[in-house]
Amino acid sequence: MGSTSNGNEEKVVETVMVGRYVEMEQDGEEKTIKSRLSGLLWHGGSAYDAWFSCASNQVAQVLLTLPYSFSQLGMLSGILFQLFYGLMGSWTAYLISILYVEYRTRKEREKVDFRNHVIQWFEVLDGLLGKHWRNVGLAFNCTFLLFGSVIQLIACASNIYYINDKLDKRTWTYIFGACCATTVFIPSFHNYRIWSFLGLVMTTYTAWYLTIASLLHGQVEGVKHSGPTKLVLYFTGATNILYTFGGHAVTVEIMHAMWKPQKFKAIYLLATLYVLTLTLPSAASVYWAFGDALLNHSNAFSLLPRTAFRDAAVVLMLIHQFITFGFACTPLYFVWEKAIGLHDCRSLCKRAAARLPVVVPIWFLAIIFPFFGPINSAVGSLLVSFTVYVIPALAHMFTFRSAVAREHAVERPPRLVGGWIGAYTMNMFVVAWVLVVGFGLGGWASMTNFIRQINTFGLFAKCYQCPPPMPTLTPTPFPSNAQNATDPAIIPSPSPAPSYFVHHHHYHHGRP
């Protein structure tokens, strides 16, 4: 009986196939060269597509802020926190995948058709645990993804400034907000195949550029590595790393885009292992080269000399942040479509137009809070901690709290972690650790730092952490009645242009 039961369970799992989200294609269309090319570049659903999506989404602009976190934590703590939160994030992503398959299997036993519907995390919670869990999950998930999109927009403006500083960062935010709004035309995660691949190539280049450029640059004169020095900075840095490995808020949407979602189980762990090969060398190298100078430079690009290689890295990161903006925003588009009744609409243009209002608050928040770096830690402690750590761990425990639920579970915890006892032990540890260290201490530290940025730079800061402009030096014209142009008494000294005084600047003999 046991073997028969296990065989049936395996068959059930194998039947959990992705329900195709109706986009623009027509069923049964003829396989032309155009359609095959479209399938190669546009329609992804394999395990490889999921791996590229997870890895590409996880290692976005945090590459540029992790050296800043190392300066707050110190080298050893920075490395250990990356390894620790990488494993913890992989575990909770695994829990989310298990709950998705459980929900999907139960619904398909009830003959529910998902061909025109993308399953989302809050719906999984609703189906397994009820409306109260749904409401909490929806609130945290949407808020996190909203600010995740905001962070990508801020990062775009911060990065492009290091190539072209003729415009301030706020103006660049306006420009890139309009550019990122074009993601409304990407129907679902099913269509990110080529973008995910290119995104990972771009971040791989940037990570190794940071590593090699820092090592070739060498340590700056008088470099100091004094971190950690303050608890506020220490836990701020730790929560930025918590945010780094909390990119699995879109796990359900990525799984739903797969042809066989049950193959997702180990994908996030494998993606995390690859991401660590990028984040550890780059963050450690930049911190080794510049040390405490990073405490006042949250973007690693700001300390490296401008070269063609750095400009290439900036451009590639800009493109990648556009992709990551789409990753974070697409689930919000789905929620909005469902709210207004357009989720099953076949017209791309109608759905794109309906999605545009979602971009407006993201644009506005990026202009209000342009604090690249500190905002990552604030989002990590207040939103990521619950969205992708606490809620999935609690949901897994409550879903399988009864012996009957555990007996009929579609996917049981592996023996490697100790079965159900080991899984519950790990879940309780995750909840306790994240509530105390991530949300408690991390929330205190990150909000203290965030408020300090507001007090220092103000809301709607025009150019956050930009060096003050050098004044334009123009010689004062000689008096018309000068008797001797060589007289030292009347040799003019360089002075700022009149417009400089109008704007109430102060002259300094160099850039800070």
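In case you wondered, yes, glycine gets a Cβ from its N, Cα and C as well.
What TrEMBL says about a protein is an automatic prediction, not a curated fact.
Residues or ranges marked as domain 'Amino acid transporter transmembrane' in TrEMBL: 43-436.
The transmembrane segment annotation in TrEMBL covers 79-101 (among others).
Per TrEMBL, transmembrane segment is recorded for 138-160 (among others). Taking Cβ pairs closer than 8 Å, the transmembrane segment (138-160) reaches residues 60-61, 64, 120-122, 169-170, 172-173, 176-177, 179-180, 249-250, 299, 301, 314, 317-318, 321-322, 324-325, 328-329, 331-332, 335, 361-363, 365-366, 369-372, 375-376, 379, 383-384, 386-388, 391, 464 in its own chain, all 6 or more past its ends.
Among the features that TrEMBL reports, transmembrane segment is placed at 172-190 (among others). Beyond its flanks by at least six residues, the transmembrane segment (172-190) meets 20-21, 23-24, 43-45, 53, 118, 149, 152-154, 156-157, 160-161, 250, 253-254, 256-257, 318, 322, 325-327, 329-330, 333-334, 348, 351-353, 355-356, 358-359, 362-363, 366-367, 370 of its own chain at Cβ-Cβ distances under 8 Å.
According to TrEMBL, the feature transmembrane segment maps to 197-220 (among others).
What TrEMBL records for 232-255 (among others) is transmembrane segment.
Summarising the annotation, TrEMBL assigns transmembrane segment to 267-290 (among others).
Taken from TrEMBL, the feature transmembrane segment applies to 312-336 (among others).
What TrEMBL records for 356-373 (among others) is transmembrane segment.
Residues or ranges marked as transmembrane segment by TrEMBL: 379-400 (among others).
Note on the transmembrane segment (421-445): residues 88, 91-92, 95, 231-236, 238-239, 242, 377, 380-382, 384-386, 389-390, 393-394, 396-397, 413 of its chain, located 6 or more positions outside it, place their CB under 8 angstroms from a CB of the stretch. Annotated transmembrane segment per TrEMBL: 421-445 (among others), in sequence order.
Within the same chain, residues 47, 50-51, 54-55, 58-59, 62-63, 66-67, 69-71, 75, 78-79, 82-83, 86-87, 89-90, 93-94, 97, 203-204, 206-208, 210-212, 214-215, 217-220, 223, 225, 244-245, 248, 251, 297, 300, 303-304 sit at least 6 positions outside the transmembrane segment (267-290) and bring their C-beta atoms closer than 8 Å to a C-beta of that stretch. Here the transmembrane segment (379-400) has Cβ contacts under 8 Å with residues 88-89, 92-93, 95-96, 98-99, 102, 125, 128-129, 133, 136-137, 140-141, 143-144, 147-148, 151, 239-244, 246-249, 406, 409, 420, 423-424, 427-428, 430-431, 434-435, 438-439, 442-443, 445-447 of the same chain, all six or more residues outside its ends. Residues 53, 56-57, 60-61, 63-64, 118, 120, 122, 138, 141-142, 145-146, 148-149, 152-153, 155-156, 159-160, 162-163, 176, 179-180, 183-184, 186, 188-189, 192, 195-196, 198-199, 202-203, 205-206, 209-210, 249-250, 253, 301, 343, 351, 354-355, 357-359, 362 of the same chain lie 6 or more positions beyond the ends of the transmembrane segment (312-336) yet place their CB under 8 Å from a CB of it.
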